[in-house]
Every structure is written in structure tokens, then in C-alpha cells.
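Data block below; observations after.
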């Protein structure tokens, strides 16, 4: 009542005489001024947002137009810094500050927008997919299936990224494009790989753009380092598959959004093989200097990891603060981590003329070479960053924590023009050690496998990771090592294939145990409940690629085709992407884990595509050496 009467008197008073500012109370004037300020701020922010949406694509630097790709059959030997005064200037790590741990920074959370009509079409397609997938789930339930992907062929009307990015004709592209696939020359199996890649990429682009990894079931993303791992890992795959539009769009993200000045810890090994290796490979294949500039910046930020008493690097480094440290629970690094970064750091020095990268990485190799605690060339799994000595002595494996040590001995020797005899000697000794201590045969099929040794006790356990070994052995034989290496490679390749073949889904478990007893009713490959997951790993198809490329036996292509079919049957998610699964022994309930690892695009699909190629000059093994993340780097010419 009282408030209403006061309001009526106020309205009559304002109607009878002109409104004046001074007639308002101090409180009323304050409220009016506050609202005006809010409106002004809102207008400014709206203008900035609209302006940002319409910002034109950044122009390339003049230097980019002058760069020639490093893409001849062989490249010159590493240059000394004094011989290359025009080295690209990198961003050195900042002075170490007090270390703070926080979550990864937010990156761009959506794919680049097309025009308004494209957005409306995408929204309509999204609604249609929701309805379609509801029907898909019901149909699967009627069939008694809780989760099942599509067949080998991509479904009709599979979503493609809506925006059609124009590919500029760079001056160096005439030479660089010779390594890029011509879609007209792709055979049917290669086209199936391209379909799989586009399906995976569509899910990443729509639901995880700019983030590390796609979670395809929940249509979201997960972060590890917050640096777009999947996108960088897939750059060279897109180039090799001839996906020019997708490559250009990813290149634009690298140019605009990939910033390393972030307060975030990265794992030295994982970030080196995926990010540094991916950028270097993208530079070599495309000739675009942007990738080399980013690679040098990132390499500089990794260097604090080597500042340890022993010169054995820490496992983690903060790329924003420059603070490096071991894992919180130990001062050890794994041997595979510290000895599987050399290909990338050596190549970065060769390209930039800055010797520090190569010197730091090769110092690790020299120290590991001289250490005690080996067994006929086999190395333990852990090394202490303070003392520089092996720890947990007496445990030997070619699986996790040691695997790529052996791979990089051979590949560094090949990369450097087969001149570094110490690397070759360590590799040959290790192969002899494998034969002497870790090889065994299963029952009833007599499959040759690589087990583990724990203080003299043999275990018939073999990680799927070990399936890199057939390819590595075959590569060594190709480069002149003993023919018996190829024989062992072929025997182990059969075993790795059986790890897939003997599973109900046709997909290998993460870890296999081999039967050693004479019981015909038992399969050779045994799986424990904790080990029956599949992470979309590449090691078997990697070795299939090497074995087919070097023997010409088409059974290896057929085996790879079976594996691709199994991936499409049990891991493909209709809305986009592929998911790792928890149970390779249950085709009715494979239990998807809602994660697509970056290496599925960076390695698995790349090796499948190369496996199905009959062109030996497509990334020739006499021209390129692949890092442990499948990023091809050039072989140096002898000096």
C-alpha cells in the first residue's frame, strides 16, 4: 500500500513538470551511472568479439616464402653452429620460477565456424544424428549387443568438416607435394584407411578441437598437456593421405593457437616424440617453416630437463617456468624415456645449427653405453637422475619402460649415415642378448615370443608394445645386418598376428601370456582379466608395414586388412572417432573406454595406409627413418 501510493505520486509529479537530473537523489544518480557504465562495457566487449570472429587469416612471413623443404633423397650431415649464422631465433625458457602445478590451460574449444548457412546445416545434421543414434542403440539392444561399431566401409553421409579451407600454392609446394598422396592413385584398401581417418578426424574436429584427445562416446575431450596432441600427431598423416583441406585447417590452428608459454608440466619423452617429432616431420613433408619455428621454440623449452647432476634428464619439465623434476614418487627416469628422444633432438640441431640439442641427447647415450648392470646388451628399466646409474637391477624386458631404447640404437645409426659404430655395436649385442635370454616357443603352435627376465626367472609375458621388434629387426636386415635378423622378424611377426587372431574380437590384448605346456586344448595366447584391453596401438601394423615393404609377401597386407576390419567393427563410434575397449575377448560387450589416443591417427592409421601401398618410394626406407611415434625424419648423407 505505502509503496504503491508513493509510486503514484511520483508518476504524477514527473508528468506535471519536466524531468531534471538534480531532482534525483544521490542513490538514484549512482544507480543510473552504474547502468550506463555496464552498458558501455557490454558494447565494447561485443565489438571485440565480433571483430575477432571476422579477423582475416594471418599472412605468412616473408621467410616462409623463401624456405625450401628438406626433401631430397638424402640430406647433408649436421652443420656446426658457426656454419649457420642465420639460425632461426628460438624462445629460450624463462628463468626458473617457483613451481606451481595446476590444470592445463583452456584452448580453443570449438572447431572453426563456417558461414551461417553451414552452421544451420551442421545443427540440423546434429539433431538427425541424435535421432539416428537412438535408433542405433535400440537396434543393438535387440540384437543382444550393448555396443558395436560400423563395418569396414564408412557409413553413407559420414560428416565431413564443413569449412572448406583453400590451400595456397606456396612456392615450395611443387617439390613438397611429390610426397603427398594422389587420391586418384589410392587403392581400395588405402581408401578405406582414408575413410577411417576422416571419421576419426570428424569426431575430433567437432568435439575436441584444439584439445589433446577425443572422448568419442561422451563427445568431449581430455587434456594431458593442453597442446593439441591429436592435431599435431596427425599433421604428417594428413599430408601423406592427401587430405589437403584438413591439413591446411590444422596448420592454421598451429599458427594461431599453439602457444608454448604455458604453466604446464609435460613429459619429456611423450612430448618429444609426439610434438617435437610431429612438427619436424610436418616441416620436412610440407616445407612450411612455421613448423620448424614452433619445433625450435618447443625444443628450447624442453632443455631444462637435462639440468641434472648426472646429465640423465628428468621425466617432467614445465614449459612455461623452465622448472624440471622427476616423478613425485621417485628420482628415477625410465630407460626408454631418456634414450628415445635422440632422433628428434639430433634432427633439431641439424636443421637449426644449434648444437646444444644434439649434445644433450647424445650425452645420455654415451653415459648409458658405459653403465654397469646390463646383461649381454639388455638394459634394466630404470635409471637414477642423481647418480646416473641403473636401478632395479636384474629385471629385463622389451616391453614398457625399455622397448624403444633398442629401437633408437638402430635408428640413430641409420639416421646418421651408418657411421656411429658404438650405436651399431650396442644394438647387435642387444639382439644377441634377446636370443640368449628372452626368446621362447609356445604350445601348441610353437610360436616364437619374447618374454621377460626377473632376477634370473623367466616369465612368458609379452606386451603388445614388443610387437615393434619384428619391424625393427627387418629394418636392420634391410640396412645390411645379418639375414638371421630377418628370420627372427618373420617368426615374431607371426606371433604378433596370432595375438590378434586368437582373440574373439580379432584385436590384441595389451599384454599376453604364452602357454608353455603341452596341452592341445589350450590356446597359445592366454590373457589375464587386467590385461585384456586394447588401446588402438600401432606396433603390430607398424611391423606389418616393414615386413611387407621389405619382403613383398602380401599375407602381411591381408593381416593388416583383418585388423582394420576389427577396429571398424568393435571400436568405431558412429558420431565420430574410435574408442579403446576393455575386453578383446567379448565381441558382444567389448566395453568401450571412451578414449581415442592421439597415436591412433599419428601411427596406427598411417602405418596401415603405408602397408596397403605398393609404392616403395612412398617414404622410402632408404630416405626416411620413422621415430617411435611414426613421424618420418630424413636420413643424413655421409659427411
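Glycine too: its Cβ is placed from the backbone N, Cα and C atoms.
What TrEMBL says about a protein is an automatic prediction, not a curated fact.
Range 30-50 is the one annotated as transmembrane segment, of 9-29, 30-50 (source: TrEMBL). With a 10 A radius on its CB, residue 628 (Ca(2+) binding site) counts 27 other CB atoms from all the protein chains. Within its own chain, residue 467 (disulfide bond) has 492, 496, 499, 508, 539, 540, 542, 543 as residues 6 or more apart in sequence whose C-beta sits under 8 angstroms from its own.
Across the structure, residue 270 (active site, proton donor) and residue 510 (active site, proton donor) place their CA atoms 19 angstrom apart. Of the recorded residues, residue 403 (active site) and residue 628 (Ca(2+) binding site) place their C-alpha atoms 10 Å from one another. For the pair residue 510 (active site, proton donor) and residue 628 (Ca(2+) binding site), the C-alpha distance works out to 18 angstrom. Just so you know, the Cβ of residue 539 (active site) picks up 24 other Cβ atoms within 10 Å once every protein chain is counted. The most crowded of the active-site residues listed here (270, 403, 510) is 403, judged by how many other CB atoms sit within 10 Å of its own CB.
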